[in-house]
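Since the structure comes first, as structure tokens, the remarks are kept for the end.
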Amino acid sequence: MKKNDVILQTVTNVVAFMIILFSLQVFFSGHYHPGGGFIGGLMTSGAIVLLLLAYDIKTVASIIPIDYKILIGIGLFFAVGTGAGSLFFNVPFLTHAFNHFDLPLLGETSLHTAVLFDTGVYLVVIGVTMTIIQTIGESE
Amino acid sequence: MSLLHLAIIAPFLMAIFIPFLYKGFRRIHTGWFVLIVPILLFSYFLHFIPIVKGNETVTKTIRWIPSLNIELTAFVDGLGLLFALLITGIGSLVVLYSIFYLSKKKEQLHNFYVYLLLFMGAMLGVVLSDNLISLYMFWEFTSISSFLLIGYWYQRDGSRYGAQKSMLITVFGGLAMLGGFLLLYIMGGTFSIRELIGMADVLMSKSLFVPAMLLILLGAFTKSAQFPFHIWLPDAMEAPTPVSAYLHSATMVKAGLYLVARMSPIFAEHALWLWLVGSFGIFTMTWGSFNAVKQTDLKGILAFSTVSQLGLIMSLLGVGAAALHYKNMDENLFIVATVAAIFHLINHATFKGSLFMVVGIIDHETGTRDIRKLGGLMGLMPITFTIALIGSFSMAGLPPFNGFLSKEMFFTGMVRVLDMDFFSLDTWGILFPVLAWVGSIFTFLYSMVLFFKTFSGRLQQEKLERKPHEAPFGMLLPPIILASLVVIFGFFPNILTYNIIEPAVGAILPSLLKPGEHFVGHISFWHGFTVELFMTIGVITGGTLLYITYPKWKKVYTIIPEKLTLNSMYDRGLYWAETGSYQLTRTYMTGFIRTYLVYIFIFFIGITGVTLYVKDAFKLDTSNVAPIGSYEVVLALIVLAGSATILLAKSRLTSIIALGAIGYTVSLFFVLFRAPDLALTQLVIETVSVALFLLAFYHLPPLNRHERSVGFKLSNALISLGVGLIVTLVAISAHSNKLFDSIAKYYIENTHDKAGGENMVNVILVDFRGFDTMFEICVLGIAALGIYGMVKLRLTQGGKADEKK
């Protein structure tokens with residue numbers, strides 16, 4: 001069924017990386033600009049979906065050999081773990097902390113535990129979207 | 001986070017590492033790593049003994065959900081410490097025993113030890129929590145981990161059946177208990193047990209007091225296998241023997257006793273408490289011991305014996321509540337019941353634990369647990385024989401073992417009931433000593449059956465699977481330790497008296513303990529020619545007679561027809577619940593999503609529409625509406641055109657594309673109204689979902705004729721019009737009815753200060769409403785796994801799972 005879509009594939013090769021980079025940008029700037037884990041995750045999965053359309057499921061699975069079901073688990077672990085971590089400091093569950101740090105190369109940066117939580121969201125979203133799409137796409 | 005909290009969660013932390021240790025060190029039995037945890041914890045808890053001895057308590061608090069008064073409060077007093085020591089002490093021995101019992105080649109050890117550690121941590125949490133909600137959480141953890149442990153050999157039908165039974169019954173009780181806790185919270189305004197104890201007098205006058213008591217007792221009775229909920233415990237014997245020794249004799253089933261003891265200061269002054277706890281307990285004791293005699297499986301005997309002994313302790317806790325009616329210490333004769341309860345609790349853990357291990361050894365070395373096949377093991381297994389002798393004679397209540405001492409105190413407690421002149425105990429109270437005596441006769445009887453049928457008589461080698469010989473030393477060591485404790489506590493009971501028993505009793509009867517005073521006199525063997533001694537002599541004579549004449553009266557057990565037993569009632573109840581709900585579900589589950597959508601939408605129209613009408617909530621207010629520009633009109637027209645295309649389209653592909661067009665238009669609306677976050681999300685979601693639609697589209701069946709019929713289209717049209725109308729009405733009314741100030745201001749003010757962010761939408765998602773997000777992604781994950789399961793795991797016609805490779 002698959003035809004050799006040269007144009008689509010060539011464009012995808014370039015565009016997919018741009019989308020992923022942009023999704024990372026969106027993800028990390030979430031606290032200050034539009035974005036965050038949810039959109040970032042969706043966008044990354046959008047890029048993978050584009051790859052799926054241009055190539056096929058087997059090829060993409062060999063390029064990105066990730067079990068997305070496990071990704072869901074890792075994401076949930078991040079999210080719940082960040083929440084539970086606050087218990088170690090005797091503050092209520094899911095209390096976030098932030099502070100400003102002077103990092104090498106990046107200069108003054110504010111670091112939030114919320115980003116860890118958001119990483120969980122990011123991973124879960126990718127995992128969920130890709131699990132669903134891949135299962136439905138694979139089934140005959 | 002204090003060291004005490006760390007101690008409670010240590011088993012959970014260890015459980016995380018078990019799978020890695022199991023995979024990484026295949027040559028070492030995983031149990032050796034696990035063993036470290038209970039031993040360390042046991043020595044840690046030992047250092048609390050001098051603290052609680054001085055009637056002091058230790059409290060450490062972690063704030064969990066302060067807005068709901070939910071905390072993780074670790075609280076150590078005499079009662080909690082006693083249980084913590086039992087859990088970690090017996091736990092160490094059981095883990096040691098399991099190392100030799102479970103073969104490292106054949107068994108899934110990592111599963112076993114993860115479950116066991118989860119259980120250990122949960123149990124510690126139960127007995128060391130002061131907050132009712134965290135207590136409940138740990139309580140259900142014990143139910144779940146014991147479910148996993150009972151079903152450990154999940155290939156067997158019996159294991160699955162037993163696991164399900166115990167889960168259904170204990171979780172049912174646990175939910176009832178949660179209800180009781182919430183009622184207590186409604187009455188007292190706090191989840192802290194100590195604070196509730198402080199206001200016990202106030203609580204007693206409230207109307208919810210009795211319902212709360214009944215619900216909490218339901219939880220305690222189901223967990224502690226009291227009649228009629230005891231039926232799960234014998235089936236739980238499908239678990240590996242170390243589990244039975246640990247959960248079903250020493251710890252988990254005692255959680256119910258713990259709860260009753262813990263709640264005593266709140267409820268005990270009420271007559272109902274004494275009657276319920278006392279009578280259920282004493283009846284369970286007699287019923288359990290009566291039924292133990294007819295068992296032929298060694299573990300079956302021990303299971304019913306555990307039921308019976310739990311009933312014994314329960315009845316003592318109930319009767320001990322009477323002590324609170326006598327404020328004068330010197331004349332308070334009823335405290336002995338509570339002291340006996342605690343003392344027997346310890347003794348039971350020692351002798352029953354060792355007996356379970358002995359049964360495990362016999363099973364392991366002969367291949368059977370059936371007393372009809374066993375016999376004459378005395379000479380072949382001398383050490384096991386000695387342990388069994390100590391354990392079963394202690395269980396029967398014979399001197400010089402610890403069981404004798406606590407059984408004498410039990411008789412004392414029951415006889416004292418006759419002295420009580422309140423709650424109509426002066427008339428019905430006679431039942432307590434009578435049932436106690438009858439129950440003790442049968443206790444004596446089954447202890448002797450257990451012991452003599454196994455070890456004396458003739459060896460029937462032809463019926464055994466393998467040639468019996470003595471067990472390895474590692475398997476013998478834990479029961480030897482427990483049996484020596486039986487003897488030591490028997491000869492020197494007073495090493496426990498002031499260190500362990502008295503602080504525990506003090507926690508159950510706090511109002512009676514004054515500084516410097518002692519509850520407990522010296523416990524000694526010889527207490528003169530008293531009623532108790534004659535009762536014991538009666539027990540031994542009666543028991544021996546019954547043992548000799550057993551073949552003549554064993555028909556008694558067939559009087560109750562099989563249909564009327566509690567077990568068959570449970571089975572039938574389960575059967576009817578399953579078939580009934582299946583029938584009910586089949587009437588409305590057609591298997592078509594469109595049918596379910598119809599239900600959902602009709603309910604939605606009905607409920608929302610009626611509410612709007614009844615509350616007279618519809619209001620059209622145009623005073624505060626933004627001007628409608630040309631862009632919006634154009635976009636609205638596009639949406640309308642898209643919807644019309646979906647309706648009129650002949651092919652699915654057109655519909656999907658039109659739907660995508662609508663989605664993108666909606667995101668343009670977001671752009672217009674300056675919501676870039678939403679616009680971005682909408683755009684990406686639209687893209688992904690169109691791709692998903694196109695993928696799924698390939699698999700959809702062709703449109704059928706049913707969908708083209710006029711009636712079908714008409715009803716669908718009506719429903720969709722109704723939904724559209726209701727949504728529009730709600731939207732307009734919501735805009736026009738401003739009942740509260742907008743919450744937006746709070747976010748505007750606090751986004752920067754409290755969360756250090758600039759993007760309010762994201763800050764709300766991860767900070768202010770992080771819980772929502774967390775559960776949302778959980779739901780997403782479950783949905784994805786559900787879809788994966790549905791697509792990958794198709795059921796064939798025979799109903800057999802057929803996983804596609």
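Glycine too: its Cβ is placed from the backbone N, Cα and C atoms.
TrEMBL has this to say about the protein:
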{"type": "DOMAIN", "residues": "B:65-113", "note": "domain 'NADH-Ubiquinone oxidoreductase (complex I) chain 5 N-terminal'"}
{"type": "DOMAIN", "residues": "B:129-417", "note": "domain 'NADH:quinone oxidoreductase/Mrp antiporter transmembrane'"}
{"type": "DOMAIN", "residues": "B:638-701", "note": "domain 'MrpA C-terminal/MbhD'"}
{"type": "DOMAIN", "residues": "B:716-792", "note": "domain 'MrpA C-terminal/MbhE'"}
{"type": "TRANSMEM", "residues": "B:6-25", "note": "transmembrane segment"}
{"type": "TRANSMEM", "residues": "B:32-52", "note": "transmembrane segment"}
{"type": "TRANSMEM", "residues": "B:135-154", "note": "transmembrane segment"}
{"type": "TRANSMEM", "residues": "B:208-231", "note": "transmembrane segment"}
{"type": "TRANSMEM", "residues": "B:243-260", "note": "transmembrane segment"}
{"type": "TRANSMEM", "residues": "B:272-290", "note": "transmembrane segment"}
{"type": "TRANSMEM", "residues": "B:302-326", "note": "transmembrane segment"}
{"type": "TRANSMEM", "residues": "B:596-614", "note": "transmembrane segment"}
{"type": "TRANSMEM", "residues": "B:626-649", "note": "transmembrane segment"}
{"type": "TRANSMEM", "residues": "B:656-673", "note": "transmembrane segment"}
{"type": "TRANSMEM", "residues": "B:679-698", "note": "transmembrane segment"}
{"type": "TRANSMEM", "residues": "B:710-732", "note": "transmembrane segment"}
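Residues 224-227, 230, 233-234, 236-237, 244, 248-249, 253-254, 256-257, 260-261, 264, 268-269, 273-289, 291-292, 295, 332-335, 337-341, 344-345, 348, 352, 355-356, 359, 395, 410, 413-414, 416-417, 420, 422, 425, 432, 436, 439, 442-443, 446-447, 450, 508-509, 511-512 of the same chain lie 6+ residues outside the transmembrane segment (B:302-326) yet bring a C-beta within less than 8 angstroms of a C-beta in it. Stretch with the largest number of CB pairs closer than 8 A to the transmembrane segment (B:243-260), among B:6-25, B:135-154, B:272-290, B:596-614, B:710-732: B:135-154. Averaged across the domain 'MrpA C-terminal/MbhE' (B:716-792), the predicted model reaches a pLDDT of 86. For the domain 'MrpA C-terminal/MbhE' (B:716-792), the DSSP-based tally of helix, strand and coil residues reads 65 helix, 0 strand, 12 coil. Mapped onto DSSP helix, strand and coil, the domain 'MrpA C-terminal/MbhD' (B:638-701) counts 54 helix, 0 strand, 10 coil.
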